[in-house]
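Have a look at the structure below before the remarks.
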Amino acid sequence: MAAQYYPFGRHRISESEVFYTTQLSFAFVNNRPARPGHILSFYGLSLIQSMSHVLVCPKREVKRVADLTADETCDLWLTAQKVGRQLERYHNATSLTYGIQDGPQAGQTVAHVHIHIIPRQAGDFENNDDINDEIDLKEKQLKRRLDEEERQIRSLGEMAAEADEYRKLLS
């Protein structure tokens, strides 16, 4: 049986990176997280030690938020809410940053609507709004990699292990 992939702009996201799906949306681990988690393995058990950064997007390839249907908009945000709630609990976070770059001038590097969800803790950035600069930096780095046709930053194994942990939260 062939592996299933989800569209993400001109890229394909492996089902091993996807940890939650609905009829209209899917959530997956980020290739270049602003708050990377570290996966530790002990006696066959995996544990994500620190914060991570995930994405939620519609299954249909949609470039801009205004192009979403009402059902897709509702499903996307309800999915982001559910995923965010579980990640916040899992990481013992105290807050969440939700972010969207809607169009290239807003910093969107993949032409497919997506919501960044980043668990937060007190003091994780010197200035709270520095998270936006970090997201912009990661997006610019990703765009350079995409332009060079090199998307893979973390290994598929690392991302699959993280997705497996998150899948347990939402099943």
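Using N, Cα and C of the backbone, Cβ positions are placed for all residues, glycine too.
TrEMBL does not curate its annotations; it predicts them automatically.
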Next item on the list: Among 22-26, 67-71, 112-116, 162-166, find the range that TrEMBL records as motif 'Histidine triad motif'.
Entry: 112-116
Item checked: Taking residues His11, Asn30, Gln101, Gly107, Gln108, Thr109, Val110, His116, which bind substrate in the record, the widest Cα spacing (Å, whole number) -> 18
Check: How long is the line from the C-alpha of Asn30 (substrate binding site) to the C-alpha of His114 (active site, tele-AMP-histidine intermediate), rounded to the nearest angstrom?
Finding: 11
